[in-house]
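Student: The structure under discussion is supplied below as structure tokens; questions concerning it will follow.
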Amino acid sequence: MSTSGRKGSIAMTERSRALVETTALSTSSSPDGMAPPVQPIERPFIAAPPFSFPTASDTPTEASSVTMTPESSCDQTNFGSNLIASPWRSPTNRAAGRPPSNFVSPIGTPLHRSLHNLQHYLEEGGHSTTLHVRDTWLPLTESRNGNMVYAAFHNLNAMIGYQALFLPFAFIYLGWTWGLTVLCLAFTWQMYTKWQLIMLHETEPGKRIRNYVELSQEAFGQTIGFHTTIPAVLNLTVGTSIGLVVVGGSALELFYLTVCHKCVDNPLSMIEWCIVFSALCLILAQLPNMNSIASVSLAGALMAVSYTTLIWMISVFKKRPQDISYSLATKGDSPLVTTVAVLNAIGIITFAFRGHNLVLEIQGTLPSTLKEPSSISMWKGAKLANLVLVFCFFPLAIGGYRGFGNKMLNSGILYSLQAADLSKTARGFLALTFLFVMFSCLSSFQIFSMPVFDMIEQFYTGKWNKKCSPCVRLFSRSVYVLVVFFMAIAFPFLTSLAGLIGGLNSIPVTFVIPCFMWLSIRRPNKRSFTWCLNWFLAIFGIITSCLVSAASVGVIIQRGIKLEFFKPHA
């Protein structure tokens, strides 16, 4: 050791001994035996080690006052603190006689500042949002590399479904004027509530809502939010999946009867066609996450646009029956029957606008920063999808009603086209339409099942604290597809309750609950335009939901329902 270092150590030792003796004398000289107030003590000089030099960190600064706290655990929001905190600073090291907490090596100070600046940059850019490790294991949040185009055809695939095939049937009871009016109002209303959900996806910077139920809990509380929305969301998700199996199997059967009706004497039954469709669903269900089904959603969106276009074109250019009429089908009926039929038609139109229960899941696949939040790209994709939706729904409703009028069958426009007298060319296009309907149902099944897969894997990861293995994922998703298939063929009368299910679940999820969420989270000023608009839409939506549900019950009582098991039909 050098002479200067030895002298510094001797001086420190003598100074410390004198300090201890002075403290003991002052304590013993107190008349009541109590120690006098402790005076500020000058910190003794500490000699620098041979291979380090005194730095600016000897004086307390904001950059060097980093301590190990329970909050600095392994989390991505404060990863910089974990790397900055040095083992020299822990209380255990100080107790062991190691260098004190104010010691920072000349290498540590630049590293500290670099990591601090990097963390500040990431937080400012919005990349260090709260994302738990388990979220990277789940299908909905495993990949966040989507973009506006992905969001557009995901939304389009979720919005256009088999419910749109009944739009021309609703015009029979509403007519041209009221039918177009209700269709325009429903389209505008659902677009406004979708905008609300997109804006509420990030209720505060750095926090993203994963699904519809979590947003409801954020707005109404954990208990009320969960019990308010989970039944409706599950009924829509699982019920739509069951309907897709029935419609997909029916489309396969119609395609076969149109193209190859003389191939064999004994065609496949409806159950066998549902088995074929479910087998295709089982194969595609093994895709891991939402972004991995992007190509499937793109194909499904193209198929949906194609079959709606082919349907209205065939309906318009085919030869119309001579006794066709466009007068209201309820003309001459009692006021009660007319009211029930009109409300049921309104329910058919509102039930055609679906997919709001998947908006947050789709938006969760997009990256988000504070400078460019996910709501920007998601809203652009949603506007593009709604623009395409206009060119699908309105021509389908108008062209289908013009082609069939009061001759439309209760089973929808697909079976009306199958029963119509078409030319050979038109029947070839019709067969292609059935095939497109099947592929659209196949892709819609994947996007509607993905939230259920996420829920299953979320339970597994929370229980075992590890990612689902390929075997577990294969087993769980296969079981879900088989359960949906079993319910589709075992309880085929559930499709007759579509109007009632839509009135109780689809209308609140699509038109009502987003308005209440906006009022609860954003809290607009009372009696402002936004406040009045949301309250009006919410109350009017509740009244509409109750009336449509009551009308659906009346239609079921009027037509009757056959409780046939294991005899599926379209």
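Heads up, the Cβ atoms here are built off N, Cα and C, so glycines get one too.
What TrEMBL says about a protein is an automatic prediction, not a curated fact.
Found this in TrEMBL, in case it helps:
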DOMAIN    145-557  domain 'Amino acid transporter transmembrane'
REGION    1-37  region 'Disordered'
TRANSMEM  165-189  transmembrane segment
TRANSMEM  232-256  transmembrane segment
TRANSMEM  268-287  transmembrane segment
TRANSMEM  293-317  transmembrane segment
TRANSMEM  384-404  transmembrane segment
TRANSMEM  429-453  transmembrane segment
TRANSMEM  474-494  transmembrane segment
TRANSMEM  500-521  transmembrane segment
TRANSMEM  533-557  transmembrane segment
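Looking at the shown structure, can you explain where the listed features end up?
Tutor: Away from its own ends, the transmembrane segment (165-189) comes close to residues 311, 315, 326-330, 341-342, 344-346, 348-350, 352-353, 386, 389-390, 393-394, 396-401, 403-406, 408, 410, 412-414, 511, 537 of its chain (Cβ-Cβ under 8 Å, at least six residues beyond either end).
Residues 161-162, 211-213, 267-268, 270, 273-274, 276-278, 281, 354, 357, 414-415, 418, 431, 434-435, 437-438, 441-442, 444-445, 448-449, 451-452, 484-485, 487-488, 492, 494-495, 498, 501, 504-506, 508-509, 513, 568, 570 of the same chain sit 6 or more residues outside the transmembrane segment (232-256) yet have a Cβ under 8 Å from a Cβ within it.
For the transmembrane segment (268-287), the list of distant contacts is 245-246, 248-250, 252-253, 256, 293, 296, 438, 441-443, 445-446, 449, 453, 473-474, 477-478, 480-482, 484-485, 488-489, 566-570: same-chain residues at least six beyond its ends, Cβ to Cβ under 8 Å.
Counting only same-chain residues 6+ beyond the ends of the transmembrane segment (500-521), those with a CB under 8 A from a CB of the stretch are 163, 189-190, 193-194, 196-197, 200, 203, 212, 215-216, 218-220, 228-229, 231-233, 235-236, 239, 347-348, 350-351, 353-354, 356-357, 530-531, 534-535, 537-538, 541-542, 544-546, 548-549, 551-553, 556.
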